[in-house]
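A.B. asks: I am attaching a structure below and will ask some questions about it afterwards.
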Amino acid sequence: MRLFKHPFFLLGMVYFLILMSIALWVRDIPNQPDAWHITLQQIANGETPGNTSSGDRASFAAAAIDVAEHGRIRPEKEWVFNLWPPGFIFLEALIMKIFGPGTPVILILQILAAVLFSIVLALLYDNLKIHMRRPVLAAVLPLLMFTFPMVRMFLLQPAGITLGESFSIGFFLVCMLLAIRSARQRSLRDAVCAGICLALSAYFRSQFEFILLVLTAWGVLLVIVIRIARFSTIEPGFLKATAKTIGVMLLVAHITMVPWRIYRWTHFYEGNPRWVMTTDLYYGNSVMRSEDLREIGGGWLVAGGGNLVCRIDPSACGDTKNAKKLFFRIFFRHPIQWYSLKFSAIGEYWFSSPRNFGGVKIEPARMDLAANGLLLMTVVAGGVLLFTRRVRCHGPWIFLSWFTISLFSAYGVIFSLAPLEVRYFYFPKIVGLLFFLMLLSLHFSQKRTLYQ
């Protein structure tokens with residue numbers, strides 16, 4: 001009973017009720033699926049309105065039905081696990097198994113997402129309140145994230161929730177906030193939970209597996225720096241706790257990911273424990289002609305720079321046998337032309353309407369331009385705040401720097417090599433806003449250093 005009286009739990013319940021209200025009754029884009037009635041089978045059959053009727057959503061649902069009915073995915077649908085990790089598919093299968101095939105699966109997913117993000121907001125409040133004089137302001141600021149239509153749509157509403165990225169983003173944000181709390185409270189449990197959440201984000205979306213690898217590389221370097229360098233403004237005990245948290249979190253994350261690596265190794269590509277095989281598609285698409293891609297509905301690949309090898313060197317077009325070799329040869333020999341083509345429309349993707357997911361099909365309204373402009377300002381302002389002296393004297397600055405450098409490194413590679421999609425920019429916008437709130441609280445904190 002004491003749990004239900006704890007302020008953290010009570011605030012989490014308030015956040016949950018607010019997020020559920022957004023999930024159920026706010027619709028920022030038209031023609032979204034009916035959360036109260038749509039079943040998993042209807043999603044698999046493409047019986048949903050607008051641009052939510054096919055593609056990834058239908059593939060996830062069809063694979064989930066297979067898992068729910070047969071206890072495993074049948075050989076004819078194994079290609080799904082070559083493109084996506086199993087987290088969201090297993091979650092949809094579990095919902096169908098527990099509640100039955102007639103369950104309104106979107107509604108259950110919205111409830112779970114609201115629970116996950118109420119934890120995110122409560123943890124964010126837990127970090128902000130330390131630096132702010134007014135607890136009420138610290139409790140209200142986390143909700144600022146959900147004043148943006150893109151955030152509401154992508155994380156809570158039917159059009160976004162059926163893509164599964166809501167859960168990968170949620171688990172990653174929980175990981176970051178738990179890592180900071182772990183060092184602050186010297187909590188091994190929080191470090192372990194942070195590692196599990198980091199692994200879960202990768203189980204739901206493959207780019208987070210790559211982000212984990214980049215976090216590991218920078219994390220090892222950071223621990224070495226902590227051991228040999230002196231931070232005069234940060235208490236030594238916190239530095240030791242930081243190094244311990246990073247080590248435990250990364251170790252737990254990699255251990256948690258071992259089962260899927262073993263499964264991949266033994267069931268798909270023997271001797272190759274790669275998380276997914278989407279890079280093979282990138283190589284193959286890179287040597288296709290633009291007109292051929294458009295004929296099969298791949299116009300968004302052309303717009304997103306998915307066939308740059310063929311566009312830069314026409315003699316390579318159609319050479320799928322040597323696609324991987326040609327991909328890296330052209331990339332390293334013609335970097336200026338590669339990046340000029342790749343990023344020529346990057347502004348269009350950033351300022352896109354939330355009604356777009358892959359390519360830019362719908363022109364943004366004035367409110368879309370204003371919202372995306374404001375989000376860009378928070379990212380830039382966060383980058384400036386990260387290097388200010390008033391922020392660098394606080395312990396959490398180490399974690400925020402680590403995550404920022406790792407995310408910039410990871411997305412630099414992803415945006416360089418993978419074809420651009422509008423939704424790839426949604427996570428950077430969300431995490432950039434969260435970072436901005438945390439850095440702002442550190443900048444205006446009345447305490448010179450957090451742990452004296």
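Counting begins at 1 with the first residue displayed.
Glycine is no exception: its Cβ is also placed from the backbone N, Cα and C atoms.
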A.B. asks: Transmembrane segment per TrEMBL: which of the ranges 79-98, 399-418 is that?
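C.D. replies: Based on what TrEMBL states, transmembrane segment spans 399-418.
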A.B. asks: Does the chain bring the transmembrane segment (136-155) near the transmembrane segment (210-229), so that three or more CB pairs sit under 8 Å (pairs 6 or more apart in sequence)?
C.D. replies: no
A.B. asks: Taking contact to mean 3 or more CB pairs closer than 8 A (sequence separation of 6 or more), are the transmembrane segment (369-387) and the transmembrane segment (424-444) in contact?
C.D. replies: yes
A.B. asks: Is the number of Cβ-Cβ pairs under 8 Å between the transmembrane segment (399-418) and the transmembrane segment (210-229) three or more, considering only pairs separated by 6 or more positions?
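C.D. replies: Judged by the Cβ rule, the two regions touch, with the required three close pairs present.
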A.B. asks: Would you kindly check 6-26, 105-124, 210-229, 241-263 and say which stretch has the most C-beta pairs under 8 angstroms to the transmembrane segment (424-444)?
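C.D. replies: The listed stretch sharing the most Cβ pairs with the transmembrane segment (424-444) is 105-124.
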